[in-house]
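Working notes, structure below.
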Amino acid sequence: MTASAAAINAIEDVSFGPAASKRDWAAWTTVGADGRRRLELAVDNVDCAACMGDIERAAARIRGVASPRLNLTTRRLTVALERDDADLEGLLTALDAVGHPARPFDPALARGAASTEMRRLLTSLATAGFGAMNVMMLSVAIWSGNVTDITPETRDFFHAVSALIALPCIAVAGRPFFSSAWRAVRRGGVTMDLPISVGVTLATAYSFVNTLTRQQEAYFDSALMLLFFLLCGRVLDELMRRRTALEAETLAALRTDTAVKIEPTGELVETPASKIAPGDLVLVRPGERAPVDGVIARGASEFDLSIMTGETTPVAAVVGTEICAGACNGSGAVELRASRPASGSFLDEVERLLRAAGDARSRTRRLADRVARFYTPVVHLGALSTLIGWLAAGADWRTALVNAIAVLIITCPCALALAIPAVQVVAAGRLFRDGVLLNAGDAIERFATVDTVLFDKTGTLTEPERRITDLADIDPALAGRAARLASRSRHPLARALAMAAGATENASATEVVERPGQGVEGRVDGRRARLGSPTFCGVAATKLAAAEERRPRATFIAYREDDSEPTLIAVEQRIRPDARDAVAALRKAGLAIEIISGDRPDAVASVAAELGVGRWRARQTPADKIARLEQLKASGRRTLMVGDGMNDAPALAAAHASLAPASGVDVAQVAADAVLLDGRLKAVPDLLAISRCARSAMIENLAFAIVYNVAAVPIAVTGHASPLVAALAMSGSSLVVTVNALRLRSARAVSGGERRLVEARA
Amino acid sequence: MTVLIYLVPAAVSLGMLGLAAFLWSLRSGQFDDLEGARWRILDED
């Protein structure tokens, strides 16, 4: 045995032991406000209240772990560490034992947990609500008093109290708008926040002057109510974004981006993948994914690159082969020396395309921004011409100014600012129940206008795991023996075989030797048996070619006993059960459908034929996919890209709208507009239908808000906008807009997605 | 109507009490897990 082979065997020996690698826990914990170290864990299978007690009790029993608390909303467990030697491995084992496998969060990735923005908004909202209610209480008294018999002293007193309440409340509640408007102005841009800030500031200042000069009217209530309604919109918006961020992080943590690092001392330490530096040695065991890009330093195996290239045939890897992050290791443990993505490498290419594609998409302007762009100058010009008009008509300065301010107050885009967030939140909540997680609120607008759907094949139309598909054609006794040998191997294909034939480990084969990159050899029921690649088992090339022709999508492994004829076993990624229905529903709704894949032409063709899709392209690189999208875009089509792999990520970012299943790689999910949580393709037509309903609700809301303002402006211009009119206009329009958004919630049942899609297009 | 001089500030300060209570509960994390809180009251310990 050579030195290198001995080393690999040594690695395999240690790496398969249960407690062989220890985690570098310091890298996972953060120091809390009270100086104690805290650890946050994503917990799986949390779906009921009973889990909460089980998990917390299990965690509390662990040495050194204090005050465990499970957040049922985010499905995260937070524990404080009382001492440095807290038994955190024990914690994971204990949670696993009660049926809730947990994974620690990489603190570097936990962005959504910092809920400071939400708290800031809620503080503002509460302050605005308090101020608006109390000032309104006084205002109603003044309004009714003005038409009856209020004494000027009482009115002045009420105004003074209103000012005392309103000024600090507006300062606190208006902060989000003032700071955002200021940032926009400094950048030279215009957002909705600018007219809001100007309107609120002028209304407050004017009311304050009126209070000091003991006039009849003050608009404190309008300013506060305006802030209150706008903050409702902001809170809803933030709520949606936070839920998305939290869910995405939990998904990522449960998929474990951990790496087993080999210390110079030979010790194995489990660390977050983000903490691996170039030059570090990383152990990749069979069945695991390479956590970082690297070059194989020791060992041999084969890697499944399907999640990256869409190509389903595994690629052989020996010392010196470059492997990129995400590749799935087949049969042998290998040591990987981490490298930066070399210029021109696959990942680098993906990243470059991703950046370029993302830039291009951020240029498509959102509905709200487009409205803001014309709304703001029109309103400000309107106020200015009111001022000039009244002066020209011979009014005094004071009247002219008052009426100009009234125009600004009454046109403050209260309903406009609520129009879109309200719809987005209701639609996002609805989609979430259907198993779709939106990454961006404005994605709904883009989903609604889609007319072409591009599907990736591998992992999207097909199931991500590979399964044995022709087990029924094989003699059951032979299949059982093959499965027993397979149960001793860690290779994903062998696992699939063992699972399919239902082998248990205790009745397994003996004298098993794993031959990295080839297969596994051993003794089953006294027969010498081999399971592995067709060449390893001595399958004739003609027989293999014939089998490949019969099943173009399959990868083949073979099983051979003694000197008998080897048996070929087909392993393939099956088409998702609901793919056909989803494709049919989309086609019925009049959408063009295409399959675009990195896999072999015959494999793609067979899937296309089975689903009845006429247009397909095979062997597409990430750049090819983008080129196809550009081509479609140039012909005026709006494309939805559905894909899960690394090779789809740039296309997902470049497409008009995009969708990734939760089983895909991180990059794909980050690049996509939405994630299919349970991988049901049936949700695609539903998503499009709901988006279309949502978009029409948005347009209705915008139209209503604009009509409302247009109707209200003449009242203000002619000087009839009393504080009472302003208050009624504002709350009335906000209410209508919100109720219209809530209609989406009670839109028809989920199952008839296809029908709704047809109706929504009509 | 001089009684208003006492009553209005009294009403406003009661409102402020409510606001302070809300802000305190917000800061102490009582709104962080509404889903879990609903079940925790049924938990015996």
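Including glycine, each Cβ sits where the backbone N, Cα and C put it.
The domain 'HMA' annotation in TrEMBL covers A:37-103. Note on the domain 'HMA' (A:37-103): mean pLDDT across this stretch is 82.
Feature annotation from TrEMBL assigns transmembrane segment to A:121-145 (among others).
Per TrEMBL, the feature transmembrane segment maps to A:157-178 (among others). Beyond the transmembrane segment (A:157-178), the same-chain residues lying 6 or more positions past its ends with a Cβ under 8 Å from any Cβ of the stretch are 120-121, 123-125, 127-128, 130-131, 134-135, 138-139, 141-142, 193, 196-197, 200, 204, 207-208, 210-211, 214, 218, 220-221, 223-224, 227-228, 230-231, 234.
Taken from TrEMBL, the feature transmembrane segment covers A:190-212 (among others).
Taken from TrEMBL, the feature transmembrane segment covers A:218-236 (among others). Residues 118, 121-122, 124-125, 128-129, 131-132, 135-136, 139, 142, 159, 162-163, 165-166, 169-170, 173-174, 176-177, 196, 199-200, 203-204, 206-207, 210-211, 409, 412, 414, 417-418, 421-422, 424-425, 723, 726-727, 730-731, 734 of the same chain lie 6 or more positions beyond the ends of the transmembrane segment (A:218-236) yet place their CB under 8 Å from a CB of it.
Annotation source TrEMBL lists transmembrane segment at A:371-393 (among others). For the transmembrane segment (A:371-393), the list of distant contacts is 190-192, 194-195, 198, 399-401, 403-405, 407-408, 411, 413, 416, 702, 706, 713, 716-717, 719: same-chain residues at least six beyond its ends, Cβ to Cβ under 8 Å.
Cβ atoms under 8 Å from those of the transmembrane segment (A:399-423) belong to residues 192, 195-196, 198-200, 202-203, 206, 219, 222-223, 226, 229-230, 232-234, 236-237, 367-368, 371-372, 375, 379-380, 382-384, 386-387, 389-391, 441, 444, 694, 697-698, 701-702, 704-706, 708-709, 712-713, 715-719, 721, 725-726, 729-730, 733-734, 736-738, 740-742, 744 of the same chain, restricted to positions at least 6 beyond its ends. The transmembrane segment feature in TrEMBL is assigned to A:399-423 (among others).
For A:698-717 (among others), the entry in TrEMBL reads transmembrane segment.
Tertiary proximity for the transmembrane segment (A:698-717) is limited to same-chain residues at least six positions away from its ends with a CB under 8 Å from its CB atoms, namely 367, 371, 375, 382, 386, 389, 403, 406-407, 409-411, 413, 415-416, 418-420, 422-423, 444-445, 725, 729, 732-733, 736-737, 740-741.
When DSSP labels each residue, the domain 'HMA' (A:37-103) comes out as 22 helix, 22 strand, 23 coil, counted as helix, strand and coil in that order.
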